[in-house]
Amino acid sequence: MTLFTELRPLSRLSDGDEDGRAGDEAPLRARAAPATASTARPVPTAVISAITVLVILGLWSLASAHALVSPVFLPSPRQVLVAAYGLVVTGFVDATLAEHVGASLYRIFGALIASILIGIPAGLAIATSRVGRGILDPIVEFLRPLPPLAYLPLVIIWVGIGEASKITVIALAMLPSIILSTSAGVRSVSKDHVNAARSLGATPRQVLGQVVLPSAVPSILTGIRIALGAGWTTLVAAELVAATSGIGFMIQSAAQFLVTDIVIAGIVVIALIAIVFEYVARLIERRLVPWASHR
Amino acid sequence: MSILSFRDVSLRYPQRPGLRSAAGDNLVLDSINLQVSSHELVAIIGRSGSGKTSLLNLAAGFILPTSGTIAVDGEPIRGPGADRAVVFQDDALYPWLDARDNVGFPLKLKGVPRAERHERARQLLELVGLGEAGDRHIWELSGGMRQRVGIARALAAEPRFLLLDEPLGALDALTRSRMQEFLLRIQSRSGAGAVLITHSIDEALILASRVLVLSPNPGRLTAEIEAGFSSEILAGTPIERIKASPLFKRLHDGLTSLIHSLPNEEAAA
Ligand SMILES: Nc1ncnc2c1ncn2[C@@H]1O[C@H](COP(=O)(O)OP(=O)(O)O)[C@@H](O)[C@H]1O
Ligand SMILES: [Mg+2]
C-alpha cells in the first residue's frame, strides 16, 4: 500500500485532479464489481415502467369489458382508439384533430416567441443592472406565484376573447421562468471567462455578446423548456374556459355532450404533445450546448 | 522593448463589514516595486495567501491599486488590455468554442476576417504542438493540452507581456515538467515579457531569469535571485542535469529556507 501511494503520482501519465482518494478506492471497486455482476442483473427501470403501463391498460380493458363502470363514464381502450381515428379523419366540433392541435400550437409558439423576445432582455437587465433589477424584480415576483387562470378574466376584459388574450396569458405564464433562467445564467458566468476576454482586448459590449450570453445559453434553454411545460398546461386550461378552437376546447365540448371517448383521446393527445415538447427541447439542448454537461 | 513597472504599489481590499481581520488591517500588498522588461521571464513565489494572484490581477488591470502606479512604458494602466494577456490556472477556455476558435478569439475581437483568423489559429496551435487539435472540443483535451491552447490564445493577442497565474499548477508531475520547457521556448520565441506566479521553487528557478519572493501579510517583495538557468535550458541542457547541479541545489536550498522563515499566513489567520 505504501509503495502504491508513493508510485501513484508518477504512474498518472495523463492529467488528473490532485485528489488522491479516487486512486485509493478504485482497486476496491474493481474487485467488488464482478461479485455484484454474478448475483442478479437488476430489471431495467424502463421495463418496470412498460409493465406498469400495460397493467393499467389491462385493468382498464377488464373494467370496461365486464361493464364494471358504465361505458358513458369509461369507454374501452378500443372505443377510445376508434374515437381518436374519427377525430383524425372527420374531426369534432367543426374541426379535425389536426386543426385543434394546430390552433393550440399556434398559440403556444406565438406566446413562446413573445416571451423569449421580452424575457431574455428582461433577464439580462435584472442580472446586469441594479436599476433593471429594482424595476423588474417586484413585477416578476408578483407574477411568478400567480396561477395564470387567476388573471385570465382580467386579460379577457382588456384584450378581448380572441387569440390575443390566450397568447397573452400563456406568454405571462412563460415569462417568469425565462426571465429568471436568463438572469441566473448571466449571473453564473465564470469570472475567469470574463476576465480572460477583458485581458484579450474585449470591450464591455464584446464581453456581453461573446462571453456572458453564450455562457447563459444552457440556462436559458432550460428556462424555455420549463416555460413550454408551464405554457402548455396554462393553454389547455385557458382553452377549457374561453375558446372556440384548440385541444382544450375540444375536450370541453366533448365533455358537455358526455362524449367520454373523445375526452380521453384528447387527454392522451395533450400528454403526448407535452412529452414530444420535452423530448425535442432536450434534443435541442444537446445539439446546441453539448458543452453544458462538461463544464 | 517594453517595460511593465510597479511603483510603490499598495493594495487594500475593501473591508467587509463584520469581517475584521486580526491585525485590524487588510493591507494585502505593501510598497511593491517591480520592473519587468519584454524578453525576460520573472517568477514570483510565495505561500498561498501572500498576494500573488492580487499582484497579477493588478498587472492585468482587473483591479486597481489603492496607491502607487502600474505602467507599461510609462503609461499608467487603467484596466485590462490585450497588451497584457493572462493565462489562468484553470485555463478559462470557452467550452462553447472549439480549440481553433478559442485561439482565434482575440482576433475575432479585433474583427479579423474568419479565414485569416483560422489560418493564424492554426499556426499558433502548431507552435504549441497541437496542430491536429483545432476541431477538438475543449472538454476532449487533457489538462496539459488545455494549458497549451490557453497559451496560444494569449499569444494570439500579440501581448507585450504574458501574465501567468500558476498555469501549470493543476498538472501532474510528468506533464508539468514537459510543459515547463515548452513554456520557456514559447516565451522566448514570442518576444513577450512574462510574469510567472508559482509556488514551486523548482519551477521558478528553472524558468525565470529573476525570482522574486513575496512575503505574506502584508505582501512585500523581500528577496530577488538572479537564476539564469533558463538560457542554459534554451541552449539545450536537459532540465534534469540543471536540477542536479550544485549551484541549482544551493539556490534551491537557500530559497526553501528563506520561504520557511517567513511568517505563515495560514497559521496567523
Ligand atoms: N477579492 C478579494 N476581496 C478581499 N480579500 C481578498 C480578495 N482576493 C484576495 N483576498 C485576500 O488577499 C490575500 C491574498 O490573496 P491572493 O492574492 O489570492 O494570494 P495568493 O494568490 O498568493 O494565494 C488573501 O488573504 C485573500 O484572502
Ligand atoms: Mg493565487
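One is the number of the first residue shown, and numbering goes on along the chain from there.
Note: Cβ is positioned from N, Cα and C throughout, glycine not excepted.
TrEMBL lists A:19-28 with the feature compositional bias 'Basic and acidic residues'.
According to TrEMBL, the domain 'ABC transmembrane type-1' annotation covers A:101-281.
TrEMBL lists A:12-35 with the feature region 'Disordered'.
For A:46-68 (among others), the entry in TrEMBL reads transmembrane segment.
Among the features that TrEMBL reports, transmembrane segment is placed at A:80-98 (among others). Same-chain residues lying 6 or more positions outside the transmembrane segment (A:80-98) and placing a CB less than 8 Å from one of its CB atoms are 245, 249-250, 253-254, 259, 261-262, 264-266, 268-269.
TrEMBL lists A:104-127 (among others) with the feature transmembrane segment.
Among residues of the same chain six or more beyond the transmembrane segment (A:139-161), those with a C-beta under 8 A of the stretch's C-beta atoms are 122, 126, 168-170, 172-173, 175-176, 179-180, 234, 237-238, 241-242. Among the features that TrEMBL reports, transmembrane segment is placed at A:139-161 (among others).
Feature annotation from TrEMBL assigns transmembrane segment to A:167-186 (among others). Within the chain carrying the transmembrane segment (A:167-186), a Cβ under 8 angstroms from the stretch's Cβ atoms is held by residues 107-108, 110-112, 114-116, 118-120, 122-124, 126-128, 136, 140, 143-144, 148, 151-152, 155, 159, 212-213, 215-220, 222-224, 226-228, 230-231, 234-235, 238, all 6 or more beyond its ends.
Residues annotated as transmembrane segment in TrEMBL: A:232-251 (among others).
Taken from TrEMBL, the feature transmembrane segment applies to A:258-281 (among others).
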Notebook entry, point to check: Who are the chain neighbours of the transmembrane segment (A:232-251) in space, where the CB to CB distance is under 8 Å and they lie at least 6 residues beyond its ends?
Noted result: 92-93, 95, 97, 99-101, 103-104, 107-108, 111, 148-149, 152, 156, 161, 165-166, 169-170, 173, 262-263, 266-267, 269-270, 273-274, 277
Item checked: Beyond the flanks of the transmembrane segment (A:104-127) by at least 6 residues, Cβ under 8 Å -> 133, 135-137, 140, 163, 166-168, 170-175, 178-187, 220, 223-224, 227-228, 231-232, 235-236, 239, 246-248, 273
